[in-house]
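According to TrEMBL:
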COMPBIAS  27-41  compositional bias 'Basic and acidic residues'
DOMAIN    106-133  domain 'C2H2-type'
DOMAIN    134-161  domain 'C2H2-type'
DOMAIN    162-189  domain 'C2H2-type'
DOMAIN    190-217  domain 'C2H2-type'
DOMAIN    218-245  domain 'C2H2-type'
DOMAIN    246-273  domain 'C2H2-type'
DOMAIN    274-301  domain 'C2H2-type'
DOMAIN    302-329  domain 'C2H2-type'
DOMAIN    330-357  domain 'C2H2-type'
REGION    1-73  region 'Disordered'
Amino acid sequence: MKDGGVPTSSLAGQMTAKVGGGAETNKNLDLDPNEKTSNSKDEDDVNLDSERSHSEPEIGNGDHGCNENKSSESDIKTVNKSFSCPVCEKQSGGSCRKVQKQPKSFSCEDCGKRFSLKSSLTRHMKGHNGQKPFACELCGQRFSQKHSVKRHMRVHTGEKPFACEICEYRSTKKSHLNTHMKVHIGEKPFACELCEYRSTKKSHLNTHMKVHTGEKPFACDLCGNRFSEKGSLNTHMRVHTGEKPFACEFCGYRFTQKASLNNHMRLHTGEKPFACELCGYRCTQQASLNTHMRGHRGEKPFVCEFCGYRCTQKVGLNEHIRVHTGEKPFACELCGQRFSRKTHLKRHTSIHTGLVPLLNYH
């Protein structure tokens, strides 16, 4: 041993990393006996690139993000310790690589997004060029990134790890939970420039804009009916197929839409969650409350093109139009007499049962 040197028996240097403000953790690094002591400064600069781990998930341990001395594997040391991320406090076990913060020098030519690793840019580009090398083993759906497959598997397993602290809502994605939280705080950042409509999601606003443009790009192949959303077309197709996948657990009544089942369930539970702030009127559906509020405001947006008659509901206008057209779509199964309104048919049917005296409901 030379004077002032380090004994060869203690050349296992100590690197101390302080993570997330927690306790210091010592990691033994086997140093090359021939390595100059000036490299100790480089070791002091080594830290966990927590920022990169958040912006670029699933970076392999083999690509440590440093181009200097990359040919020397001894410069890349593996530490089998646990770390906690200073951003999200998530614990990470297993092996951790020594990394240096790198500038995001790799830029996507299509969208401008920047990365610190060439491999991350290559992986990102698969989304632009249509490459989807990762497939779900259960349904065959393909994805451009492996972590997308893992997230997709929650659809099959039913796992919803992200829970709302205010209500019982759970979701498969953190982004969905973030959007849901806007419902509780009343935040609706996306506003329509043509009317007062606001929404919690940009996709909802995009769908709403089709109301103004009249755009209905999705057409039914069987009847030609057109829709502004693909989901609405899929639901409409159940009219042709007769599919009613949503069943009431109390009475067995079936529906084509989950929303219709939810509304129906309130008949059994008696729940009326929508209340008028002006008169206390309560109802089972938001649409019913919206219609009710028009009565307070004096709004009658539906106008008859024949006589100018106005009403608060579209269904009321449809019934009124039959006065002009003479249409009587409701027929009695016992005598064949026809009526313009369903309520008139019900009253007429009572004649056959003997419950009411004979009246003229034409």
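Heads up, the Cβ atoms here are built off N, Cα and C, so glycines get one too.
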Same-chain residues near the domain 'C2H2-type' (330-357), Cβ under 8 Å, at least 6 residues beyond its ends: 319, 322-323
Distant-in-sequence neighbours of the domain 'C2H2-type' (302-329), which means Cβ under 8 A and at least six residues beyond its ends: 291, 294-295, 338-341
The domain 'C2H2-type' (218-245) [mean pLDDT, rounded to integer]: 91
Residues in the domain 'C2H2-type' (274-301) grouped by DSSP into helix, strand and remaining coil: 12 helix, 4 strand, 12 coil
